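Contents: one structure, followed by commentary.
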Amino acid sequence: MGAGGPQRGEGPPDGGWGWVVLGACFVVTGFAYGFPKAVSVFFRALMRDFGAGYSDTAWVSSIMLAMLYGTGPVSSILVTRFGCRPVMLVGGLLASAGMILASFATRLLELYLTAGVLTGLGLALNFQPSLIMLGLYFERRRPLANGLAAAGSPVFLSALSPLGQQLLERFGWRGGFLLLGGLLLHCCACGAVMRPPGPGPRPRRDSAGDCAGDAPGEAEADGAGLQLREAPPRARPRRRLLDLAVCTDRAFAVYAVTKFLMALGLFVPAILLVNYAKDAGVPDTDAAFLLSIVGFVDIVARPACGALAGLARLRPHVPYLFSLALLANGLTDLSSARARSYGALVAFCVAFGLSYGMVGALQFEVLMAAVGAPRFPSALGLVLLLEAVAVLIGPPSAGRLVDALKNYEVIFYLAGSEVALAGVFMAVATNCCLRCAKAAPSGPGTEGGASDTEDAEAEGDSEPLPAVEEEPSNLEALEELSPRGGPTEAEVEAGPSLAAESV
C-alpha cells in the first residue's frame, strides 16, 4: 500500500477479527440466498395440502426474496441508527419466529405473512449489516473477502436442499418448517460477533506532558500542564440515515439498472429447477440433488472468481468481468431450455453454477468500488429495493406462465434473455461512461462517476478514492454506524483528519 493510502491504524485492518466477521458473513449469506430456494422443495406438499397452483405457492419464496431486498433502505436506516450487532440479533429472532409460526399455518395467506414477510425481514436485517461490516474490515483483500463470503450461498444451498427433502419425508412440511426455524437461530450467533474495528491507537499522556499518537500541533504543553488544542473544524456534511445523493452517481445508476434486469431472470431457473426435473420424470431425491450440483460448482466458482478479481491487472476491469458473467449465465439458460434428460440437466447445473457463482462473487464488489465505503449502506439499500421489485415481477410471472402453458421452455428463454441483456447493458454503459468522463474536462470538483471508480481501482489501493474526499473515512463511518463508548471525537479524528486533508 502506497504512502498516500490509509495507514494501518486508520484504514480497514484487512485481517485480525475480520476473519471472524467473514465467517459470520459466510453463514448469513448462506441463509439469505440459500433459504428461499431451498424452501421450493416443500412446494408440492404445500400445493397438495392447500389445493393451490404453483404460481400461488411460489409467492412464498417470492415474498421472502422481496422482503430480503425490499427492506434494504429500512435496514440501512436501522444500521446507521443502532449499529450492525443489535439489528442482526433482532433479525435472527424474526427469521426463526417466522418459520416456527409458518409450521402452524392453515392457509396460504398465513404462510405469506410468516415464512414470507417475517422470515424475509429477519434475513434482510442480517444480510445487509453483515456486508456493511465486511466492507469496514477489508479493503486490499476486499474482492477475496467478498468471494469467500458469497460462497456461503452455494454451501448452504447444497446442504439445505437435501436436508429439506429429508425433513419433508420424515416429518412433513410442518415439522420441516419447525426445525428450519430453529436452525435460523444461528443468525443470532453471527450477529453477536459483529463488533466494529477499533479507530487505531488512542492518544497516551506521558509524564513529560506529551500526547503520544497525537498529530503535530494538536497538543501543546504549557506551565500548567498538558493543554489539548481542538482540531480545526472540517467542512464535512452531516451523515444522513439514507443518502439519496448517491443516485446522481453515473456508476451507481448503471449498476442499479443492471441489477434490476438481472434480478428479473437470474433466480427463476434455480427456483423452478426441482419441479421442472420432477415433471420430466426425474425421481424426487435426484431432482433435489440438482440444486446441490449447482451449489457444489458455485462453492468453487465464488472464491476463485473473488481471488481472480483481486489481481492488480484485473481489478480495474471488474465491471466488465461482471458483465461477462451475466452474459454467460443468460446464454446458459438459453442453450439449456430444452434439456429433459437427467444428464442434460446435470450439464446445465454445472454451467449455471459456474456463471451464477461468478455473478454472486462480483456483484457487491462492483458496488463497493463504485460508491465507496461511506456511501455503501445507502447504495446497497437502494439497489436491494430495486431488486425486490424485480423479484416480485420475475418468479411469480414465471409461475403463472408455467400454469398457463404447462411448458418450462418459454420460461428459460425469457429468463436467459433478461440476464444476457443485463450483461450487455453493463458492458456498453460502463464503456460509454468512461468515454464521456475522458472527454469531459477533469477538475477537483468533478463528480465521481464510472471513471473515478476505475482510476481509483487502477491505483491498486495506493490512494484514497477521490469521491470520498469530503466524506468521513471508513472508520469514522463505522463509528457512526456502530455507536459505542470510546475516546472523544476530537481524539479519534486527530489522526485521520490529517490523512484526509493531505489529499
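Any Cβ shown, glycine's included, is placed from N, Cα and C.
According to TrEMBL, the feature compositional bias 'Low complexity' maps to 209-223.
What TrEMBL lists as compositional bias 'Acidic residues' is 452-479.
The domain 'Major facilitator superfamily (MFS) profile' annotation in TrEMBL covers 18-434.
Taken from TrEMBL, the feature region 'Disordered' covers 198-223 (among others).
If you look up TrEMBL, you'll see 440-503 (among others) marked as region 'Disordered'.
Long-range contacts of the transmembrane segment (16-36) within its own chain (CB-CB distance under 8 A, at least 6 residues past either end) are made by residues 61, 64-65, 68, 88, 95, 119-120, 123-124, 126-127, 130-131, 133-134, 137-138, 145, 148-157, 159-160, 180, 184, 186-187, 189-191, 193-195, 197, 271, 295, 360. TrEMBL lists 16-36 (among others) with the feature transmembrane segment.
The transmembrane segment annotation in TrEMBL covers 57-80 (among others). Packing against the transmembrane segment (57-80) from elsewhere in the chain are residues 32, 35-37, 39-40, 43, 46-47, 50, 87, 108, 111-112, 115-117, 119-121, 123-125, 127-129, 132, 239, 241-242, 263, 267, 271, 377-378, 380-389, 391-392, 395-396, 398-399, 480-481: each is 6 or more residues past its ends and has a CB under 8 Å from a CB in it.
Within the chain carrying the transmembrane segment (86-104), a Cβ under 8 angstroms from the stretch's Cβ atoms is held by residues 28, 31, 75, 78-79, 110-111, 114-115, 117-126, 129-130, 174-175, 177-178, 180-182, 184-192, 194, all 6 or more beyond its ends. Sequence annotations record features per position, and here TrEMBL assigns transmembrane segment to 86-104 (among others).
The transmembrane segment annotation in TrEMBL covers 111-138 (among others).
TrEMBL lists 144-163 (among others) with the feature transmembrane segment.
Residues 20-21, 23-25, 27-28, 31, 35, 42, 84-89, 91-93, 95-100, 102-103, 115, 119, 122-123, 126, 129-130, 133, 160, 164, 167-168 of the same chain lie 6 or more positions beyond the ends of the transmembrane segment (175-194) yet place their CB under 8 Å from a CB of it. Marked as transmembrane segment by TrEMBL: 175-194 (among others).
Tertiary neighbourhood of the transmembrane segment (252-276): same-chain residues 36-37, 40-41, 43-44, 54, 58, 61, 65, 69, 161, 246, 287-288, 290-291, 294, 323, 326, 329-330, 333, 345, 349, 352, 356, 359, 363, 366-367, 370-371, 379, 382-383, 386-387, 389-391, 393-395, 398-399, 402, 408, 411-412, 414-419, 421-423, 425-426, 429-430, 433, 450, selected by CB-CB distance under 8 Å and a gap of 6+ residues from either end. The feature transmembrane segment is assigned by TrEMBL to 252-276 (among others).
Annotation comment: TrEMBL describes 288-312 (among others) as transmembrane segment.
Taken from TrEMBL, the feature transmembrane segment applies to 342-364 (among others).
Here the transmembrane segment (376-398) has long-range neighbours at 55, 58-59, 61-62, 65-77, 79-80, 124, 128, 131-132, 135, 240, 242-244, 246-247, 252, 255-256, 259-265, 267-268, 271-272, 364, 367-368, 370, 411, 414-415, 418, 481, meaning same-chain residues at least 6 beyond its ends whose C-beta is under 8 angstroms from one of its own. According to TrEMBL, the transmembrane segment annotation covers 376-398 (among others).
Outside the transmembrane segment (410-429) by six or more residues, the chain places 254-255, 257-259, 261-262, 264-266, 268-269, 272, 319-320, 322-334, 336-337, 394, 398, 401-402 with a CB less than 8 A from a CB of the stretch. What TrEMBL records for 410-429 (among others) is transmembrane segment.
If you look at the transmembrane segment (288-312), the same-chain residues 6 or more away from its ends with a CB under 8 A from one of its CBs are 34, 37-38, 41, 141-148, 150-151, 153-159, 161-162, 164-165, 270, 273-274, 277, 282, 318, 321, 325, 345-346, 349-350, 352-358, 360-362, 365, 460.
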